Amino acid sequence: MLPSQLLLPAAVLALTLPQALASDTFIAAVYEHAVILPDATTKPVSPADALALMNKNMDVLEGAIKEAAQQGAHIIVTPEDGIYGWRFTREAIYPYLEDIPDPEVNWIPCTDPTRFGPAPVQERLSCMARNNSIYVVANVGDKKPCNSSDPSCPSDGRYHYNTDVVFDPEGKLVARYHKYNLFRGETQFNYPKEPEAVTFETPFGKFGVFTCFDILFREPAVVLVRELQVDTVLFPTAWMNVLPFLTAVEFHSAWAMGMGVNLLSANTHNIGLAMTGDGLFTPEGPVTYHYDSRTEEGRLLVAELSARPRLSPTYPPAVNWSSYATSIKMIPEENTFLGAVRRDVFTFSELRSKAGNSTVCQGDLCCHLVFQMSNKSQDEVYVLGAFDGLHGSLIKYHWQICTLLKCKSPDLETCGQPVETARTEFEMFSLSGTFGTNYVFPEVLYSGVQLAPGEFEVLRDGRLRSKQGTSEPLLTATLFGRLYEKDPPHPLRPSP
């Protein structure tokens, strides 16, 4: 990891606006897009064919942008890979890329499209923003030439970057962000040499932007929120859901609550790859969200959010995530067993009665649960689980997780396997843990992969507690903790 002082303020833009123009709220939109994909090929198509495919996707996005603007939205976020899809080698993606300049050049592609060479995608996105008087956030591909004097220059003489762009209501390019944490399959793109901290000011708060896998790492996610104090994060993503937790709506809502900011999450939609789930999330929970694992349809979400949530009288207080769990005497269960959630080996303890308390420990983490079920289904098994270790196959990062979890079947060997439905409700539960970090993200997931806004609370001493029981059967109640300082070096990113 690079120290924060090396972060590039790539687009720290001050649109100095009179205080009188500032707004307490704004209307935001996100669009979950069922992307039209190119044919799988290792050879580049012609630039005309590449643009034709991108225009098909932009036709859909333009319709969503127009509808959002008609509903009064000030800003709309569209998904990662939403314009050209995936299925690319490094060579095959090249015709889809454009040279995207630094926003400091003060450029409106809609009115001056050839200033930096052919840029039909940027021109069209700029015109969508300008014609609809709305901020437009999109994910595109940037290309930059390099030469042999640069020791990290690829053999083909160019860098490719997974890139977010933001155009303001006049169509001006106001932000450009190069994704810093590439997922393992993104071999068509290069890693930026240094992380970028991209922010820009609006009449309705300070915004930051990053992409998908970035949300799990300190740079840029924590830097934007804790050091640069953004109010809202713009988040194009192509998130593949992982049940029983780490679904898009579950973790993105949890992250917004744990970090205390708005998160505008726009996901791609592809049920074959388990991609679905987007929403408008706040420090107090989801305002609106969408999860659809059955159809191939896109979805537009529009809602009003607080422009500066930290100034809200209902802003959640600071939480000491280990205070309660370290203050009580916990006796770990004797009859524990190991179970896998994907590749992560959890320590589990079965909840054998309808009410009681339970403690399980793993590594430095002990998880404590007090619970009472209201209508325990006889063929359903629930466990308390703890995980303290590295998550991921190639790119690893350190989690501490406490979870109340429904097993897939009464067979304990299925605990941790994907499950979407349940029948058991709880009169109460209180979950806490001896976390070694202040970065903990809380969320409750109901049957059918539905969130539970307003039905639970986080106390200042670190307890995740139901308010008046669960109104729906429970899948999971989870505290996701991240120990960024224990992350190993990134195995793929070149050394500085």
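Placement of Cβ uses the backbone N, Cα and C atoms for every residue, glycine included.
Taken verbatim from TrEMBL:
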- 1-22: signal peptide (SIGNAL)
- 31-307: domain 'CN hydrolase' (DOMAIN)
- Glu80: active site, proton acceptor (ACT_SITE)
- Lys179: active site, proton donor (ACT_SITE)
- Cys212: active site, nucleophile (ACT_SITE)
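Other C-beta atoms found within 10 angstroms of the C-beta of the residue listed as 'active site, nucleophile' number 27, with every protein chain shown included. Taking the domain 'CN hydrolase' (31-307) as a whole, pLDDT averages 96 in the prediction. A distance of 9 Å separates the Cα atom of the residue listed as 'active site, proton donor' from that of Cys212 (active site, nucleophile). Using a 10 Å Cβ-Cβ cutoff, the residue listed as 'active site, proton acceptor' registers 26 neighbours. The separation of the residue listed as 'active site, proton acceptor' from Cys212 (active site, nucleophile), Cα to Cα, is 7 Å.
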